[in-house]
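One structure below.
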Amino acid sequence: MTIPPLQSTAPPTRYKKPNYHLLHALPLPLSVTPLPPLIPHNPLSLVHIIIAYLFPPNSSHPSPLHKGFFHTSTRSVHITDQETIKAFWNHGFFGKGNLSRSEPTWVTRRRRALGVIGRDEALTAEEVTERRRGERKEFKKERARLEKEKRDKQLAEEGKLNLEGSEDQEGAASGSSSSPARAVHFAPLESPSSRRRSLERPVADVEDIEHLQLTLEEAFFLSFGLGVLELIDADTNKKIPQKDVLPLFRAHTYFPAQNPQSSFEPDDPFMLSYVVYHHFRSLGWVVKPGVKFAVDYLLYNRGPVFSHAEFGVQILPAYSHPHWANDKSRKEGQELRPWHWLHSINRVSSQVKKTVILVFVEVPPPLDDDEEIDLVDLLARYRVREVALRRWVVSRNRD
């Protein structure tokens, strides 16, 4: 007995994506000039290296600096310049589009919906992923249908299944369960001239009203850590001095916002979150908000367009300094967490194949009222400890 071969379906259409390796070649919005090679048997090569280091041909920072507008209503920094948006997203994946899920692609999707561009022109990463998921779903349905036909035909040849009887039963069942006939109204036929006009693309383009939205941690890292962002107050349209940025951001992490001139505790929310953000950014990770998966941050190896996030970061303050020994309110209220809270976070992360990283931030004692400290020395007072947490599943970890 021979079994007919399974019919192969047409392979799914492969949409051409942009060259992300070239588009996102730089990990940060900085221009890096490589030094000349060192040749051991040529002493002049060392002179070339020293000259290139002391007098670089190009500046690593943009001139003029990128500008961002701080809005108190959204507690974020808005980037409206298109070149700055491309620089921050393509070189480090900073921020998100206010009208998009991640990458600011609203204008492309809107132009396609209005017919300004074709269906397969300038596809975004979200659109390519959505189409591939739909094709994969249809491919699985077709494969399941063909496999069922193969099994039914084999059972019919063995005399274990009557295909004609099953088809009659299916037809009777579908006829008995069918709904009463309804009138169908057809649209009037279109003339060739009207059809030609409908296929023509509109001449007017779409105005891009989307802006890039930076979190306070991202904006402070670009301003203080890299020095490529100049912050402007959106209400007064005046430049915010660098020394006033940290008190301003610390004040707006509370609700309602506090006075920037007031004194802040060393465990305020902005300091804890920025210390962790700066820590992982300095290690080369792409750090994005993780509220979707019940964590504080998500860590990407290279970026969202290359792979999914591998780790979810949960920030926990630690009060191990002797100054906090008698402060039971902080230890019981912030340091201690219930077991079901940790179990819930671990379960959500394991379902999406992510590893939970518990980041313990050692909170230093507060400074004296008359003590002034540099911002670099202030961040150096914090210590970070990382603990990886994995969910133990009996069926997967039996051996």
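Heads up, residue numbers simply count up from 1 along the chain you see.
Here the Cβ of each residue, glycine as well, is placed from N, Cα and C on the backbone.
Annotated features in TrEMBL:
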{"type": "ACT_SITE", "residues": "Tyr300", "note": "active site"}
{"type": "ACT_SITE", "residues": "His308", "note": "active site"}
{"type": "ACT_SITE", "residues": "Lys354", "note": "active site"}
{"type": "COMPBIAS", "residues": "130-161", "note": "compositional bias 'Basic and acidic residues'"}
{"type": "COMPBIAS", "residues": "171-181", "note": "compositional bias 'Low complexity'"}
{"type": "DOMAIN", "residues": "270-362", "note": "domain 'tRNA intron endonuclease catalytic'"}
{"type": "REGION", "residues": "130-199", "note": "region 'Disordered'"}
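On the structure: features taken from TrEMBL.
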residue: Tyr300; record: active site; Cβ within 10 Å: 18
residue: His308; record: active site; Cβ within 10 Å: 11
residue: Lys354; record: active site; Cβ within 10 Å: 20
Report task. To the nearest whole angstrom, state the Cα distance for the pair Tyr300 (active site) and Lys354 (active site). Result -> 11
Query raised in the report: At the Cα level, what's the spacing in Å between Lys354 (active site) and His308 (active site), rounded?
Result: 9
Query raised in the report: Between 0 and 100, where does the mean pLDDT of the domain 'tRNA intron endonuclease catalytic' (270-362) sit?
Result: 91
Query raised in the report: Counting by DSSP, what is the helix, strand and coil composition of the domain 'tRNA intron endonuclease catalytic' (270-362)?
Result: 40 helix, 24 strand, 29 coil
